[in-house]
């Protein structure tokens, strides 16, 4: 059994009840975006892909915090990676209007940085691999604001929340003595809001046929 988080003190499916249940944030985010997209006639293939990946994130994370083994860890990691790649690609292509060459270069930089950072799991409680995500989201947020896109603060707000959630993820094991439930559940709750804001930024700045 993989034991990474402060909350797990026993084996079994419910060894991390709060970490498991807090994944509801991802499902709420997906449901809210879906309702808004239906109401405003913004449902398209790209948003549908992001919503499916968001649901996969919630499902994979739930399974990982229940089973805490190798196969469930892959179900946790893969949807997160795919969502990041899909969002960066769709945003930079459809909202920022980048051509394929600079888009491919930026994706290569992101992947290289993420892979390099993942080789240092001992740093900041295994959160180093998310630092490239924070940097890219911050850069996209600055572009989104300065370009006066619809909802100009959406991605900067997402980046700020992601920074807070990353800090909370990083201190989980350090606060066990003072806070036995840990702080990892807040990583889920804040990230539900982060992913909602990123999908809003995408949805509010694309049209059918873009």
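Sequential numbering from 1, following the chain as shown.
Cβ coordinates come from backbone N, Cα and C, glycine included.
Other Cβ atoms within 10 Å of the Cβ of residue 16 (Ca(2+) binding site) number 26 in total over all chains. The secondary structure of residue 16 (Ca(2+) binding site), as reduced to three states from DSSP, is coil rather than helix or strand. The feature Ca(2+) binding site is assigned by TrEMBL to 16.
Per TrEMBL, the feature transmembrane segment maps to 17-34 (among others). Same-chain residues lying 6+ beyond the ends of the transmembrane segment (17-34) with a Cβ under 8 Å from its Cβ atoms: 5, 7-8, 43, 47, 51, 54-55, 57-58, 61-62, 65-66, 181-182, 184-186, 188-189, 191-193, 195-196, 199-200, 203.
Beyond the ends of the transmembrane segment (46-68), by six or more residues, the same chain brings 1-5, 8, 13-16, 19-20, 23-27, 29-30, 33-34, 37, 75-80, 82-83, 86-87, 90, 94, 188, 195, 199, 202-203, 206 to within a C-beta distance below 8 angstroms of the stretch. As annotated by TrEMBL, transmembrane segment applies to 46-68 (among others).
The secondary structure of residue 184 (Zn(2+) binding site), as reduced to three states from DSSP, is helical. Annotation source TrEMBL lists Zn(2+) binding site at 65, 184, 188.
The transmembrane segment annotation in TrEMBL covers 74-92 (among others).
TrEMBL lists 99-121 (among others) with the feature transmembrane segment.
Residues annotated as transmembrane segment in TrEMBL: 127-145 (among others).
Tertiary neighbourhood of the transmembrane segment (152-171): same-chain residues 124-125, 127, 130-131, 133-134, 137-138, 140-142, 144-145, 183-184, 186-187, 189-191, 193-194, 197-198, 200-201, 204, selected by CB-CB distance under 8 Å and a gap of 6+ residues from either end. Per TrEMBL, transmembrane segment is recorded for 152-171 (among others).
As annotated by TrEMBL, transmembrane segment applies to 177-199 (among others).
Non-local neighbours of the transmembrane segment (127-145) in the same chain are 84, 88, 91-92, 95-96, 110, 113-114, 117-118, 120-121, 151-159, 162-163, 166, 169-170, 198, 201; each lies 6+ residues outside the stretch with a CB under 8 Å from one of its CB atoms. Under a cutoff of 8 A between CB atoms, and with a sequence separation of 6+ in the same chain, the neighbours of residue 65 (Zn(2+) binding site) are 5, 16, 19, 20, 23.
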